[in-house]
2 protein chains.
Amino acid sequence: MIEYRNLRIALLGGGAVGAQVARILLEQGEELADRVGAGLELIGIAVRDVNAPRSVDLPQELFTTDAESLILGADVVIELIGGIEPARSYILQAITSGADVVTANKALLAAHGPELFAAADQVGAQLNYEAAVAGAIPIVRPLRDSLAGDTVKRILGIVNGTTNFILDRMDQAGDSLQEALDTATTLGYAEADPTADIEGYDAAQKAALLARLAFHTDVPLESVYREGITGITREQIESARKAGYVVKLLAICERLTDAATGQEGVSARVYPALVSRGHPLAAVHGGNNAVFVEAEAAGPLMFYGAGAGGVQTASAVLGDLVSLARRHVVGGPGFAAAANADLPVRDIGQVITRYAVTLEVNDEPGVLATIARVFSNHHVSLALVEQSTNVRAVLVDGGDGPELAPSTATLVIGTHEATEAALAATVRDLAAHSVVTTVASVLRVEGA
Amino acid sequence: MIEYRNLRIALLGGGAVGAQVARILLEQGEELADRVGAGLELIGIAVRDVNAPRSVDLPQELFTTDAESLILGADVVIELIGGIEPARSYILQAITSGADVVTANKALLAAHGPELFAAADQVGAQLNYEAAVAGAIPIVRPLRDSLAGDTVKRILGIVNGTTNFILDRMDQAGDSLQEALDTATTLGYAEADPTADIEGYDAAQKAALLARLAFHTDVPLESVYREGITGITREQIESARKAGYVVKLLAICERLTDAATGQEGVSARVYPALVSRGHPLAAVHGGNNAVFVEAEAAGPLMFYGAGAGGVQTASAVLGDLVSLARRHVVGGPGFAAAANADLPVRDIGQVITRYAVTLEVNDEPGVLATIARVFSNHHVSLALVEQSTNVRAVLVDGGDGPELAPSTATLVIGTHEATEAALAATVRDLAAHSVVTTVASVLRVEGA
């Protein structure tokens, strides 16, 4: 057996991920030491309550409530407590005291990434965060290193397992959103308060991180356009299926060229979108995640795996740890994702995509031409229109005795590419138009 | 504009990949320089014939036939000439003269990897080879770094685009092997001499590299068991489809525990296998590649993309270049894939998998029991048996005037897990048995 000098590892957080990281470090320390060329000594686990129950049986003497002292004695700090504070202060303290850092904290990085990356850069510390972006799926190194000589054009990511589980369930079992959410909660795919997932906040944080990696540009979380899945109905899923599509909540990062100036910019956004069933993303079922990357030279690439789960996420954390421990042993700084390109971040209005609009209209002569004119007024051109008449047997009593309600028609309209701004103006006009009863659904179509 | 010091890049080879690498270096040099923190100056392209036609228009003055002088003046050497010699000597010369190296040469690495990695390690040079393993798909960094803290249990890779195109075509269009190969040749998916692809040599080289990365163990090319796809028939594909399977040529790398001693070992092998249509690998169509990784903590992961093509492969080469150029700028050695685990490489006979065996047998009473006994003699247990009778109207003249030939039956037998050795012995006995007319097909079943 080879004797190595030890790297002292401080773990902040003893939750589902932290407990698994500790377990694997303790169980496989010797093998990991061989890979690193140094021992990985877990010197302590900082938690709020040392007596709280844990998902894994760990030596009681490792637990402490004194995170700051633990950090001071560490070569590497693994931050798994989540949230903004005290996580941010702990990471800054670790960097200042000369430690390298591994974190899985997407909320913190999306909100304070530039500050933390700059602090690490300044002292040559490493700050690794693979687990923050897509759980167990290795995506940071592929984007930062493997594609460093290529130009990423677009990323379409299914980066939230809860919403993918719900949408997949609605698609496969015909559940309503509420039914699917209930199942997700029962099976542990959704938390008691599912807001961060179903409203797209979690996906938006990951979109900001992905965009930074892909475009070498800081993308503030505030500039990530976000829509959740709470408006998605069984009817939308059903009619998507009939048309050969599936609804997925996508985190989209895209390089955009301004039509007027020709200047490059980037967009990061999250919304539920129609994806063709032939697209590799359509085959991502249940709580799985996948990141589909379109690069100029490499072409389409996809990275698929578990987006969450304690032991799965622990894999990404330990990969980060072993990588930076190797670097710690041989010397030389780490690489943050450079933000040197510094491209302007575009407003959602400038985004160009295709749309599927479902309208309920009065079934009267010339209605199609009228509707088509609304689209063309805003230079949105139509790719496909499907009309079906809804015969209504409802009787309306207008005061002059009962009479037959005017029958309505459902129009499903697919557009060619248009800007969000043009589409929004079109929808505003449609909603106000006298022949339109309801704008029943507006969904974007992604992944041509 | 920032002025950087230049890294001098020597390119060996001006073929499909080399020409694209040169083009992108020349076109996007400034942006790449910003990412690296140093200029990337292409100082020359060594080729056999400076006047040969190129797929990309490049400055004539870059071309030279004097590779050795070019290497002497370089900080980084990109080797894209392929084959064993002179590629091996050039790479060793580059390492000795203090340059870092990028190569896409799978044949060379599979045959002489340990020598080259050791040479690089000795002087602290970097030797990157992402393009050698799965074309444009980033797989080296995920396996070497992202999963460095995890334990890879198994890899199932579709790593040869030509054979995947052919098998996919047989499956989707009902082509025979020859028809599909002809189409592949016409469309440029197969070379004039397709032997390296269809006999599995190319996949075997990649399996050796993947196994080294995944198991930190040198796996000599000679120890990679290899079967190509030349024996695959339209009938096998068709009956696989009926049973819910698709035939894929898989490169399989697996951690194996010896049943008797409990000692860990590894297996690397290539053969066409049945994959369930529900498995993510079944959805890999055409010339695409995918590497499916089963890791202990991370669970199943899949990496998907283009496995070949000049510009696609150039993406991987440039990613390697930018990564090592960054390291060159900030200092510190690179990491070869450590082979420190040094696990024993197992013979194919020790491999355990499931099998689908198709037999033609005489249709007589008790035949099923007889066949079942042959399997159980070798401790191979059956999971499924399907029998269909083939009524024959053929007349046989045995000398005593024409008589009706005995009718035969087709048996499709699915086994539980068994060793290759046990299965091979079973098949040997079956072939020699009086009731068996033909052993029509033996295929392994992978990806449970």
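Just so you know, the numbers here start at 1 and follow the chain as drawn.
Every residue gets a Cβ built from N, Cα and C, even glycine.
From a predicted model like this one, the values you see are computed outputs, not experimental measurements.
What TrEMBL says about this protein:
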- A:Leu12, A:Gly13, A:Gly14, A:Gly15, A:Ala16, A:Val17, A:Gly18, A:Ala19: NADP(+) binding site (BINDING)
- A:Lys106: NADPH binding site (BINDING)
- A:Glu191: L-homoserine binding site (BINDING)
- A:Lys206: active site, proton donor (ACT_SITE)
- A:356-444: domain 'ACT' (DOMAIN)
Should any of the binding-site residues A:Gly13, A:Ala16, A:Val17, A:Ala19, A:Lys106, A:Glu191 have a Cα within 10 Å of the Cα of the residue listed as 'active site, proton donor', which are they?
A:Lys106
Please identify, from the binding-site residues A:Leu12, A:Glu191, the residue with the sparsest Cβ neighbourhood, meaning fewest other Cβ atoms within 10 angstroms.
A:Glu191
Measuring CB to CB from A:Gly15 (NADP(+) binding site), give everything in the same chain under 8 Å that is also at least six residues away in sequence.
A:Ser55, A:Leu80, A:Ile81, A:Gly82, A:Gly310
Neighbours of A:Leu12, A:Gly13, A:Gly14, A:Gly15, A:Ala16, A:Val17, A:Gly18, A:Ala19 excl. site residues, C-beta within 8 Å of centre, NADP(+):
A:Leu11, A:Gln20, A:Val21, A:Ala22, A:Ile45, A:Val47, A:Leu80, A:Ile81, A:Gly310
Tell me, if you would, which residue among A:Ala16, A:Ala19 (binding-site residues) has the fewest other CB atoms within 10 Å in the structure shown?
A:Ala16
Within the predicted model, mean pLDDT of the domain 'ACT' (A:356-444):
86
Between A:Val17 (NADP(+) binding site) and the residue listed as 'L-homoserine binding site', how many Å separate their Cα atoms?
15
Per-state residue totals over the domain 'ACT' (A:356-444) - DSSP helix, strand, coil:
24 helix, 41 strand, 24 coil
Among A:Lys106, A:Lys206, the one of these recorded positions whose Cβ has the fewest neighbouring Cβ atoms within 10 Å:
A:Lys106
Helix, strand or coil at A:Gly15 (NADP(+) binding site), per DSSP?
coil
Just how many other Cβ atoms lie inside 10 Å of the Cβ on A:Gly14 (NADP(+) binding site)?
25
Under 8 Å Cβ to Cβ from A:Gly18 (NADP(+) binding site), same chain, six or more residues apart: give me those in sequence order, or none if nothing qualifies.
A:Leu11, A:Leu12, A:Ile45, A:Ile78, A:Leu80
How big is the gap, in Å, between the Cα of the residue listed as 'NADPH binding site' and that of the residue listed as 'L-homoserine binding site', rounded to a whole number?
17
Find the shortest Cα-Cα separation between A:Glu191 (L-homoserine binding site) and the binding-site residues A:Gly13, A:Gly14, A:Ala16, A:Ala19, and name the residue that gives it.
A:Ala16
Sorted by position, what residues of the same chain at least six away from A:Gly13 (NADP(+) binding site) have a C-beta under 8 A from it?
A:Ile45, A:Ala46, A:Val47, A:Glu79, A:Leu80, A:Ile81, A:Gly82
